[in-house]
Amino acid sequence: MALCLKQVFAKDKTFRPRKRFEPGTQRFELYKKAQASLKSGLDLRSVVRLPPGENIDDWIAVHVVDFFNRINLIYGTMAEHCSETSCPVMAGGPRYEYRWQDERQYRRPAKLSAPRYMALLMDWIEGLINDEDVFPTRVGVPFPKNFQQVCTKILTRLFRVFVHVYIHHFDSILSMGAEAHVNTCYKHFYYFIQEFSLVDQRELEPLREMTERICH
């Protein structure tokens with residue numbers, strides 16, 4: 001029997017604590033504006049557009065953190081179905097395999113299981129969004145010059161979570177009654193990265209047919 005969404009996305013299902021915006025900050029106000037637009041029923045294509053007069057880096061920062069929270073939660077709900085045994089390689093079907101590389105433990109691309117890849121990915125993103133030199137929160141502190149490049153790398157890797165979840169764990173999505181929620185999150189993510197050209201089109205290929213179907 002499918003679980004209700006309240007159960008699926010309950011707090012105890014989160015993969016890790018949510019990253020939040022500090023009340024009173026400009027980014028918190030932007031976050032509230034973005035959430036209000038989402039809840040208003042506006043078309044998702046229009047929701048992702050940069051509001052007049054707002055800074056593009058602030059807008060991207062707000063969405064990167066929000067997508068991290070949402071995608072982290074989606075994966076967390078089905079992590080029990082993604083094991084070293086069921087998913088010994090981080091992949092998106094037989095044609096796509098994702099290897100992990102970072103500046104610490106894995107300096108060369110490494111073939112890892114999906115759960116290991118996911119754990120490293122979420123740790124890596126969490127480290128970046130909590131780094132004041134990358135995601136500054138103090139008023140008057142500018143974003144680094146490579147900020148959008150960093151966000152492109154984060155969003156590219158988050159897209160791979162969607163690829164793995166949709167291709168390898170779609171049955172789990174259905175059994176939990178979460179298909180509509182996951183699809184909406186994916187569409188929001190897809191329209192955002194397309195609006196600001198943040199992910200290379202080649203990275204989107206594994207879900208191209210599905211995207212054409214649900215993001216028409």
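Placed from the backbone N, Cα and C atoms, the Cβ positions cover glycine too.
The structure displayed is predicted, hence computed values, not measured ones.
Residue environment of His169 (Zn(2+) binding site) contains 23 other Cβ atoms, counted within 10 Å of its Cβ in all protein chains. Summarising the annotation, TrEMBL assigns Zn(2+) binding site to Cys82, Cys87, His164, His169.
Non-local neighbourhood of Cys82 (Zn(2+) binding site): Tyr75, Ala114, Pro115, Met118, His164, His168, His169, each in the same chain, at least six residues away, with C-beta under 8 Å from its C-beta. Sitting within 8 Å of the Cβ centre of Cys82, Cys87, His164, His169, and not among those site residues for Zn(2+), are the Cβ atoms of Met78, His81, Ser86, Ala114, Pro115, Val165, His168. A C-beta separation below 8 Å, combined with a sequence spacing of at least six in one chain, links Cys87 (Zn(2+) binding site) to Ser113, Ala114, Pro115, His164, His168.
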